[in-house]
Amino acid sequence: MASRKDITKDVSSTPDENEYPSGFPQSICDQTPHEKYLCSNCNSVLNKARQTACGHRYCLACVNWLVRYNKAPVCQKCKEGDPNAESDASILTLDNSFSDAAITKEILNLKVHCANHGCPWRGILRDFEEHQSQCEYALIPCNVGCGHMVLRKALVSHLEKGCPKNTSTCPACAQTLTLAELTMHNCHRQGDKKPSAREKRQKNGKNAGPKDKDSCIFSDVGCTFKGSAEKICEHENSSHAPHLQLLLQTVRDLPPSTSRHPQPLPAHLSSPGGGSLEADGGCGGGGAGDQEEMSLAHSLREDQAAVIMGRQLDALQERVQVFENIIFVLNREVEKVQQSMAAMERDGQSTQDIRRVLEAKIAEQQQRLAMKEGLVSALQQRVSALQEVSYDGTFLWRVPDINLKLQEAASGQRSSLYSPAFYTSRYGFKVCLRLYLNGDGVGKGTHISLFFVIMRGEYDALLTWPFRHKVTFFLLDQNQRENVLDVFRPDLTSASFQRPVSDMNVASGCPRFCQLGKLSSPKHAYCKGNTLFIKCLVDTSS
């Protein structure tokens, strides 16, 4: 029995590109592609990559072709590695190969460029095939079947000027001509036919002065351009699209009855020689011979008119066919533009959806950030309070920026200040001080008022109520000469010294703790360095 090698050695391994398009050419890649991106059969960049059971990769078209036209084909790479090593994994079938999505994703992101001469397009392989279907520099066959390969961007010009199958018939001499030849055709049988704009320009171009202006050959369909012969040539070569639009509009404006009910024949075409076919007037015009001659002349005139009208109708139908071909090309280009616009709209909608999602996430993160900033601020205040807390009944309160605080108190912006909390013992009463820099009650406007505040604490249930310890206030002279001192004992019947039912009780203490004038007195240094020091001592032994 013949081996697999004998069966496949004489069979080509290249699929028919028209039936199964294989891989992408390596020449379109900006950089030399890695070996893992190449097909094991055609050595091109993988197109719809599939991985076989032996681990090698092929284009989908190459696998289909090898399986269809070879009996039990063996993997090319496996044969190159060891020609004698054959296994079930080396045999190519559609069942033992699978789509390699990972390598396909990498390949579609390769940077490539258009291989058509003169095309500046660059992008990624994902967009390459779509570009190829629209590339203006791609060679495509003429859509009317003349056999020529033309640039896509030159197709309209080819149909208009160079396509041998885009033909028309001269209405006067019935000669078959291309559209470009018909425009330049100078028929000897046109008689008194009005010359075209191009004919006038060619006839009179040499005699025209530098200021004479000619009209565009498309002036009959609405083009208003005028200029010298050189300018007219440049205009005609650069204005194909506007001229096609004018021709399209002219064809659309043709009445539906053009082909079914032709216009009456002009007078100068009523006979071949331009004159009357009736016999010249002579004697005896009323005889039978004269009647027969007149009838024959009338029949001949009708036959001539029918022939000429038939030729004109054929020429018009051929011209309409040319315009229909042009319209077909234009409609196809319009469809491509519409598809591109639809794709751009889809991409734009997708971008807007992503933007809305990102905006919502940003708003959510900003909200979370604000909450975290609040928590951080609260923690900072708590840490600051814990740093200043005291657990032995002695508290030294430093009041900075005293001059500013005095001004705020005098203006009523901030009448009082609270000190950080402190404790009479580790698990004792929680208390704080309240300072009125412009006085309160009987001391308002004349004295500093200093009060003692009992706060609700964590261990109040274990303490003896009411609060009954002696409290001593000190306003410290920073020159250590004369401190201001005041002592008070709690009123056991006052609600200020009972167990708190809210965050803090009503403050109680010394409304006339120190005269305001003493703060600025040069004899004392109570406000030295714009700072005030107040000390509180709770006598827990009393």
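Keep in mind that glycine also has a Cβ here, set from the backbone N, Cα and C atoms.
Database features, via TrEMBL:
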- 1-25: region 'Disordered' (REGION)
- 39-79: domain 'RING-type' (DOMAIN)
- 131-173: domain 'TRAF-type' (DOMAIN)
- 188-212: region 'Disordered' (REGION)
- 189-199: compositional bias 'Basic and acidic residues' (COMPBIAS)
- 254-298: region 'Disordered' (REGION)
- 272-289: compositional bias 'Gly residues' (COMPBIAS)
- 313-382: coiled coil (COILED)
- 392-538: domain 'MATH' (DOMAIN)
For the coiled coil (313-382), mean pLDDT (0 to 100): 88
DSSP-derived helix, strand and coil totals, residue by residue, for the domain 'MATH' (392-538): 26 helix, 55 strand, 66 coil
Structural state census, the domain 'TRAF-type' (131-173) (DSSP three-state): 13 helix, 9 strand, 21 coil
